[in-house]
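What TrEMBL lists as compositional bias 'Polar residues' is 316-326, 346-357. The feature domain 'Palmitoyltransferase DHHC' is assigned by TrEMBL to 125-258. Marked as region 'Disordered' by TrEMBL: 314-380. Here TrEMBL flags 16-36, 52-70, 170-194, 221-243 as transmembrane segment.
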Amino acid sequence: MAPSGSRSIKRGCQRVLYWIPVLFIALIVAWSYYAYVLQLCIESIENTGEKVVYLLAYHVIFIMFVWAYWQTIFTRPMNPLKEFHLSHSDKELLEREDRGESQQEILRRIAKDLPIYTRTNSGAIRFCDRCQLLKPDRCHHCSVCDKCILKMDHHCPWVNNCVGFSNYKFFMLFLAYSLLYCLFITATDLQYFIKFWLAGGRAHFRLKEYLNGLPDTQAKFHILFLFFSSSMFSVSLASLFIYHCWLVCKNRSTLEAVRAPVFRHGTDKNGFSLGFSKNFRQVFGDEVKYWPVPVFSSSGDGCSFPTCLVNLDPEQPSSPSGSNPASKAAAEGRQFPSKPLRESQSRLLSSTPSWSESDGAADKDKKGASNPGMTIENEA
């Protein structure tokens, strides 16, 4: 009992510590609200029209920023469906086998009816010993959450949550609105910051002659520090937001950008890329009205993803005539293979995709003599 109790106490302390970065962000945001609304707009700006415009625009951005941040923090990451978990009999069978190859045969048999097409670097079935499940494509085990997360991007300490399929859109909106929030404060605070900065360098600190409306040193301190903090956060947020925009355009997660996914035909960094438009809609959905709003609208189920067919799958059986059915399907312009997709995923494959970023596009055009167009591999 003692070891179990000590582990529980340790786990509870870790949970508290994990919330410290979130608390820090919350305090910074609360202070920025006080400094901007009360000290700058209400106390320092004398022009009523300018004050009203600033306050209205600020509160719209502030509400969207807080909403997106809240959704990113408190949206629970999605875990693999029960179909990917081993049954009790399969667990016993796997435990009885000592050799790795025998265990792989069991896992391959279980994975045969599941939409799993990625492998480990050695070509083995991706299996999680901790969760006792076969990992769906783009799923990874988070050591902090101690569970497998669908389409895991990374574990973010600033939101104390895993960023994955269920909340990646919210994370992108959080980055966008937080950047817009900082840029708006920097732009509207700039003129008052300049007045304070110039006045502060004058001899004898004759501030009243230059400040024209900055009433006391408390307001001046908030205006100065507000500009510095918002401009510094803008630089860091801009770099992070641009990087994740690039990931969305390429349909990659942070983990996949570091290590390209391995398919049955080999490593392919562009294996999940369907072109810019479809990559974007896979994260933000088909309804344009929902794109800027922190509500879930991503396409798919998180367990299976359509992929582009860059190379032929060596595990596909040969046809009686000796030709690969994948080649025949490509020549006939069919989608391959014919496993069902959800409606939102099917829409991603309904129109002709853009293959500009696919490394194997040129090779496929040369191979497909009967049909020079590309073929989409429906791997879900």
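Backbone N, Cα and C define each Cβ position, glycine as well.
Note on the transmembrane segment (16-36): residues 58, 62, 65-66, 69, 73, 144, 157-160, 185, 189, 222-223, 225-226, 229-230 of its chain, located 6 or more positions outside it, place their CB under 8 angstroms from a CB of the stretch. Each residue of the domain 'Palmitoyltransferase DHHC' (125-258) gets a DSSP state, and the totals for helix, strand and coil are 79 helix, 16 strand, 39 coil. Summarised as a single figure, the pLDDT of the domain 'Palmitoyltransferase DHHC' (125-258) averages 87.
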